[in-house]
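See below for the structure under consideration.
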Amino acid sequence: MAVDLLLGLQWGDEGKGKIVDVLTKNYNIIARFQGGPNAGHTLVFNGKKHVLHTIPSGIFHDDATNLVGNGVVIDPVIFKGELDKLEEQDIDYRKSLLISRKAHIILPTHRLLDAASEAAKGKAKIGSTLKGIGPTYMDKTGRNGIRVGDLELSDWKERYRTLADKHESMIAFYNVEIEYDLANLEEEFFKAIDVLKSLTFIDSEEYVYQAQKSGKTILAEGAQGSLLDIDFGTYPFVTSSNTTAAGACTGLGVAPNKIGEVFGIFKAYTTRVGSGPFPTELFDEDGETMGRVGHEFGATTGRRRRCGWLDLVALKYACQVNGVTQLNMMKGDVLSGFKTLKVCTAYKYKGEVIEHLPYNIEPENVEPVYTEMKGWEADLTTMTDASQFPKELNDYINFLEKELEIPITIVSVGPDRKQTIFRN
Ligand code: IMP
């Protein structure tokens, strides 16, 4: 069977966790392929909110196997915290959670390095979640990292010490004030490593290959969004992994010709956390309303998300890079009550009007060109069928489908599993 992908098409926080949770009944295996605890996937069901950072969003379904793939970076301390929360809810994860031996481990000193690097950047900081993601991927590509499979080796603690000592000298080199107590951090880290070691480690590319061969259905769950991709995002204000479709091939060992459906998840407007350009960002009451009604605060850091109109130039780009086959529109309910809606369909760029994403999208280089549409008043959150949608919402959806040339198959009208409307 081909592997289906589910990806965020904006700057993250599109609502991927919710849709994975909704779609899990159709899949045997849910697999994370990149990123780490910088992600915060929120699921709401039976009146309760659950936030996952590293564990795949299929974990609440008894029949699904959940795989943390080789492309993911794992912080054992945060991972243990997630497991503790699952235990509190009597979720039996032992049989259903598998971890790739090739996934890299975030050390306490990776987190400290992240903080030192950001502090040294001053105003130019990335706005990182400070979870150690960048430094861990740097050690991966620099061929210094420690992998989950290394925990099974007798000398892994020596390797740990060598790397942590190197990190400490790098932290000193940054020459910024970072207070820390490494002995304390290490105590917590090694306790969490023991918990991690009690889980099942696998050669995940072989597992994924055999699963495909035997007809198992697999959904690869992306983290962050396409505009945060290390290659195709708004560099350097990006994360350190490939968040786009190709990342699923390298992050799980799936051959490119074995990719099936590509679900592209987007919000009916746009948000961004952290620094970096955002052409349709709003600094007025409309942006404030989106943030307030949409509860736009980061699930991992609690930071306020920047809000703006939907940017179709950027969305088209993400659809192209990922080969999206179906779109899922999230948080349409947040736009209820806006008299007029704006959608950016082009940019004014160096005296020209362009419809593709250029190299520079800083405010001094691009100005959004908007198409205005009539908004709707109706509360969407109680709707259960697309036939109940107001005309203006249908106009909005039809306009996006025409522009993007991809069907919008799911419209989410609230955070709960049940608030999900399928369109034919
Ligand atoms: P890092 O991946 O923590 O280093 O953060 C790099 C940039 O990506 C920052 O702007 C973060 O705010 C952003 N970022 C990282 N993970 C997420 C996410 O899951 N959702 C939204 N933004 C994210």
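Cβ atoms here come from the backbone N, Cα and C positions, even for glycine.
What you are looking at is a predicted structure, and each value in this text was computed from that prediction instead of being measured.
The candidate list T24, T234, T239, T289 contains one residue that TrEMBL assigns to the IMP site with D13, E14, G15, K16, N38, A39, G40, H41, T129, R143, Q224, R303, namely T239.
If you draw a 10 Å sphere around the CB of T129 (IMP binding site), it holds 23 other CB atoms from the protein chains shown.
Under the DSSP three-state reduction, T42 (GTP binding site) is assigned to strand.
Taking each of the binding-site residues G12, G40, G332 in turn and counting other Cβ atoms within 10 Å of its Cβ gives the largest count for G12.
In this structure, T129 (IMP binding site) belongs to neither helix nor strand by DSSP; it is coil. Sequence-distant neighbours of R305 (substrate binding site) (same chain, 6+ apart, CB under 8 A from its CB) are D13, T271, R272, V273, G291, E296, F297, G298. Nearest by CA distance to G40 (Mg(2+) binding site), out of the binding-site residues G15, T129, A299, R303, is A299.
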